[in-house]
Amino acid sequence: MGDFNLALVIVAVVVCVLVLIFNVYLLVNYQHPDDANQAYFPKIVVVIGLSVAAISILMLPADVANRQACRHAIYNGACNLTLPMKDLWLAIYIVDAILVFFVIPFAMFFYEGDQDKSICKRSKSAVLWVAVTALVCSLVLGILYGLIGKVDFTVRHLSSNTTSFPSSWDFRGQQCIGNSNQCSAYLAPASSEKTWTMQTTFPEYVVALATIVGSVLFTIFGGVGIACLPLGLIFSFIRRPKAVITRSQYIKEATELGKKAKELKKTADSLHQEERGGAKGRKWRKNVKSVEKDLLQLEEDVKLLEEMYPQGEKAETAWALTVLGYLAKLILGIIGLIVSIAWVAHIVIYLLINPPLSPFLNEVFIKLDDIWGLLGTVAFAFFCFYLLLAVIAGAMMLGLRLVFITIHPMKWGATLMNSFLFNVGLILLCSISVIQFCSTAFAYYAQATAAQEIFGHTLQSLRGIKYLYKYNVFQIGFIILAGLTFVYYAAFGWKRRKPSGRFQIFN
């Protein structure tokens, strides 16, 4: 038993170190050249935020493995030697909330501040904004916790008569012992049902409210992303360029793209001058949004043009790699589609239908554990991570189509720190909901875990919030948005995108 617990601790430490190294690698390769050798504070926040998000996702499989550490124990105190998962859960999510609501906003305000101002003035302005945010959040949390920070557990008072110790143990399938075949407790009336109210702890309440905020975003972005993530890859293969264009076509299209780039630069300079003059009204923000969309569209057109007319000594190799890249998208899209269908089917079968038709994926994970101890845990972690990837994919898709969502694209070697911070905040906020959703969807597999205690019993019994979970509001919204997105891709996803502006890429 001690060896198993020690091994679990060693694995946890090694995984944390690997997650940290991988996030540093992502930062170095995704960052924009303009941010090289500067903006160190936002970079530290990004690495910490990504690490906390990844570790929080991995903690649920670790919680399951931690539960199994004392499952076959032969003495009562074995479970006291395992990891303190409940304390770890609360710690990781308090850190999550601090990063999302305080640290990341400060880093974004500081980074996006007027570069002509001194560091002191930019820090002062960022602190002022964060202080106002902290004051408002503290007041709201304090008032809500004082008024409705309670959990209401529904209990039933059961009682039964006693009987003398039997001389024979032949119960013949009876529900109770004694002359009558039923107990008083078995026939308890509906009036015996009562509500047991108790005050929840403040850390658990903070986690619960953060989960609600994240659940709204998760329902929207996750519902859209669970469909657009695999279908986007598949239809990207369908819309792929079929052949290399001629040199004359390339020159014509490159000239048009150059003209568009000059127009965008002129517009951006004009908006920058307006910003310096303090004219940052609604019209200015609308124009900035329009320029951002046109710029992203221009970058996609340039990338498509480069794919269709590879240059240099290794042009044939570049075209072959392009073809292989689209084949990889097709394969990953098909695998993702299978996983997405499994997720949707599991939600319907296990969560929306009462009683559940089947444990479905829960039973799959258990059988995989029977094959090899950690195989089911690995599959469990994969499904949780896939759900987080779906959230990110949904956010990127809606961000390019909805006016009220700021665009913060992640591009290899061209991602500014404000985009990094925005996406890290989104990932952190939704990671709480992903864990809560997974602990509910896989309640049979993750039973008797610390996460189940926090995100199952406490959260779903919290006053004012429990009805959202009682009537499966988030799960139903998730399925509806997934269905609508699937219909959208079935109707329009196969069509080739027409570039905006006056230019058109030939295929």
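Positions of Cβ are set from backbone N, Cα and C atoms, glycine also.
Curation does not apply to TrEMBL; its annotations are automatic.
Annotated features in TrEMBL:
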type     : residues : note
TRANSMEM : 6-28     : transmembrane segment
TRANSMEM : 40-60    : transmembrane segment
TRANSMEM : 90-111   : transmembrane segment
TRANSMEM : 126-148  : transmembrane segment
TRANSMEM : 205-238  : transmembrane segment
COILED   : 254-308  : coiled coil
TRANSMEM : 330-353  : transmembrane segment
TRANSMEM : 373-400  : transmembrane segment
TRANSMEM : 420-445  : transmembrane segment
TRANSMEM : 473-492  : transmembrane segment
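Here the transmembrane segment (373-400) does not lie next to the transmembrane segment (126-148) in space: the count of CB pairs under 8 Å, restricted to residues six or more apart, is fewer than 3. Here the transmembrane segment (90-111) sits against the transmembrane segment (420-445); at least 3 CB pairs are under 8 Å, leaving out pairs fewer than 6 apart in sequence. Counting C-beta pairs under 8 angstroms (sequence separation of 6 or more), the transmembrane segment (473-492) reaches the transmembrane segment (205-238) with 3 or more such pairs. The highest tally of CB pairs under 8 A with the transmembrane segment (205-238), across 6-28, 40-60, 126-148, 330-353, is held by 330-353.
Long-range contacts of the transmembrane segment (6-28) within its own chain (CB-CB distance under 8 A, at least 6 residues past either end) are made by residues 43, 46-47, 50-51, 54-55, 58, 62, 65-66, 69, 82-83, 420. If you look at the transmembrane segment (40-60), the same-chain residues 6 or more away from its ends with a CB under 8 A from one of its CBs are 15-16, 19-20, 22-24, 26-27, 31, 85, 88-89, 92-93, 95-96, 99, 103-104, 107-108, 110-111, 380-381, 384-385, 388, 417-418, 420-421, 424-425, 427-428, 431-432, 434-435, 438-439, 446, 449, 451. Note on the coiled coil (254-308): its mean pLDDT in the predicted model is 80.
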